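Taken straight from TrEMBL:
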type   : residues : note
DOMAIN : 2-34     : domain 'Mannose-6-phosphate isomerase type II C-terminal'
Amino acid sequence: MVHRLKNPGKIPLEIIEVQSSSYLGEDDIERFEDIYGRSNALEAGVKTQTIAR
């Protein structure tokens, strides 16, 4: 599932992520390009993909 969030308001958005599974590791994360440049996937050690806009 691909998802992206946007906060159109003026109050900072706080996100709470909840995981429920027998495996809770993060080595299966796939990040898609971040058009805002907030993170470096290589430094984070996650796979990346580019998606069409």
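The backbone N, Cα and C atoms fix where each Cβ goes, glycine too.
No curator has checked TrEMBL annotations; they are predicted automatically.
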So what pLDDT does the domain 'Mannose-6-phosphate isomerase type II C-terminal' (2-34) average out to? 82
Under DSSP, the domain 'Mannose-6-phosphate isomerase type II C-terminal' (2-34) has how many residues in helix, strand and coil? 0 helix, 3 strand, 30 coil
